[in-house]
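Everything on this sheet refers to the single structure shown next.
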Amino acid sequence: GRDAYIAQPENCVYECAKNSYCNDLCTKNGAKSGYCQWLGKYGNACWCEDLPDNVPIRIPGKCHF
């Protein structure tokens, strides 16, 4: 697994306010844990720790809604 911003299918981050929201999202996707990273590179976004390799992560480039 890897530590990364979990991404939606359009390469967009999951915006957040609460750590609990991200921890639920990350663990549901197989990560060990997750939290809401405040004021990071992509604003307030969910960061997952030890996320499985088959789960999409935010990569450089545009986010397409």
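The backbone N, Cα and C atoms fix where each Cβ goes, and this holds for glycine too.
If you check Swiss-Prot, you get these features:
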type: DOMAIN; residues: 2-64; note: domain 'LCN-type CS-alpha/beta'
type: DISULFID; residues: CYS12-CYS63; note: disulfide bond
type: DISULFID; residues: CYS16-CYS36; note: disulfide bond
type: DISULFID; residues: CYS22-CYS46; note: disulfide bond
type: DISULFID; residues: CYS26-CYS48; note: disulfide bond
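Sequence features annotated in Swiss-Prot and their locations in the structure.
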| residue | record | DSSP class |
| --- | --- | --- |
| CYS12 | disulfide bond | coil |
| CYS22 | disulfide bond | helix |
| CYS36 | disulfide bond | strand |
| CYS46 | disulfide bond | strand |
| CYS63 | disulfide bond | coil |
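The shortest Cα-Cα distance between CYS63 (disulfide bond) and any of the disulfide-bonded residues CYS26, CYS36, CYS46 is the one to CYS46. Packing around CYS46 (disulfide bond) is summarised by its Cβ count: 28 other Cβ atoms lie within 10 angstroms of its Cβ, all protein chains included. Only CYS22, CYS46, from the disulfide-bonded residues CYS22, CYS26, CYS46, CYS48, place their Cα within 10 Å of the Cα belonging to CYS16 (disulfide bond).
Among the disulfide-bonded residues CYS12, CYS22, CYS36, the residue whose Cβ has the fewest other Cβ atoms within 10 Å is CYS12.
Here the C-alpha separation of CYS26 (disulfide bond) and CYS46 (disulfide bond) works out to 8 Å. With a 10 A radius on its CB, CYS26 (disulfide bond) counts 23 other CB atoms from all the protein chains.
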